[in-house]
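Chemist: Marked as coiled coil by TrEMBL: 259-286. Marked as domain 'Ig-like' by TrEMBL: 13-129, 133-224. The feature signal peptide is assigned by TrEMBL to 1-18. The transmembrane segment annotation in TrEMBL covers 235-257.
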Amino acid sequence: KLSLLFWCNLTMMEVIVPEQPVVALHGRDATLNCSFSPAVLFNLTDLTVFWQLTDTKRSVHSYREGHDQLADQAESFANRTSLFPSQLGLGNASLLLNRVGVADEGSYTCFVRVQEYGRAALLLQVAASYSKPVVTLEPESNLRPGDEVALTCVAYGGYPQADVIWQDGSGRNLTENITDSVVANEEGLFTMTSVLTVVLEPNSTYSCQLINPLLGEEGYAFVTITGQTIAFPPLALWVTVGLAVCLLVLLIALAAVCRRKIKESCEEARREAEEAKELEEEESKTGQPSHTWPSLYVNPTLCCS
């Protein structure tokens with residue numbers, strides 16, 4: 001291990017790193033630039049370069065006595081770091097970090113010692129592009145003007161958290177009415193979900209814009225709610241009306257059939273009554289009954305004229 005207490009007694013040497021954060025793409029390689037200017041010519045065996053995480057002091061990469069010294073390297077950086085050996089003699093102590101992940105984000109300190117000692121820290125930020133956002137509508141059907149609906153905008157696989165802006169068709173900012181949520185996957189990349197709640201208006205357009213603050217990338221998605229989407233009255237009402245009409249027609253037809261049957265029964269009963277009366281009159285004239293007939297009574301209220 002390097003003895004930093006011993007280094008503090010050495011004359012300070014200027015070590016230069018970028019002032020602005022280094023932005024690395026997730027899954028790609030990144031170079032953390034670090035340069036120094038020794039006062040005299042030196043041999044590589046006299047050079048020591050040490051990279052470590054500023055906050056946790058974990059070793060990222062170490063070089064001394066002309067070779068890489070990785071016994072104390074943090075496991076998460078194993079087989080992912082290297083210097084530029086051919087440029088060390090020119091004052092280039094930059095670190096190449098392969099396959100950058102979200103967990104690599106943070107502050108890195110570059111230590112350099114020849115006869116003098118110097119150090120400087122830089123900030124590494126990780127970025128990943130989001131997928132194209134998609135907007136969905138809930139509910140999707142049987143909508144009426146004045147209904148409250150939820151518009152959901154979703155994008156996947158990005159980093160860091162995106163800024164979300166909602167607008168209506170006239171460009172009015174609706175962001176104050178949204179609810180955002182962020183879920184990280186096993187790689188630390190985010191799924192962004194933004195929900196906008198609005199009162200439905202016919203032929204209205206809503207747009208969702210996602211902005212990656214590190215990459216400056218913007219993604220858009222639109223949804224237009226037309227008169228075809230808004231069902232007024234809803235389909236269920238038309239079905240109810242149709243069933244009611246069918247039932248009414250059926251009742252009218254049934255009533256007509258019953259009336260015809262009752263009328264036919266009344267006419268038949270009337271004929272039988274008239275025949276019985278004629279027979280009675282004939283018997284009264286002859287004094288001899290020809291047949292025995294049951295007494296018949298026709299209720300005039302049941303007979304139709």
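Placement of Cβ uses the backbone N, Cα and C atoms for every residue, glycine included.
Annotations in TrEMBL come from automatic prediction, not curation.
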Chemist: For the domain 'Ig-like' (13-129), what does DSSP give as the number of helix, strand and coil residues?
Modeler: 13 helix, 52 strand, 52 coil
Chemist: Count up the helix, strand and coil residues in the domain 'Ig-like' (133-224) according to DSSP, in that order.
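Modeler: DSSP classes over the domain 'Ig-like' (133-224) add up to 3 helix, 57 strand, 32 coil.
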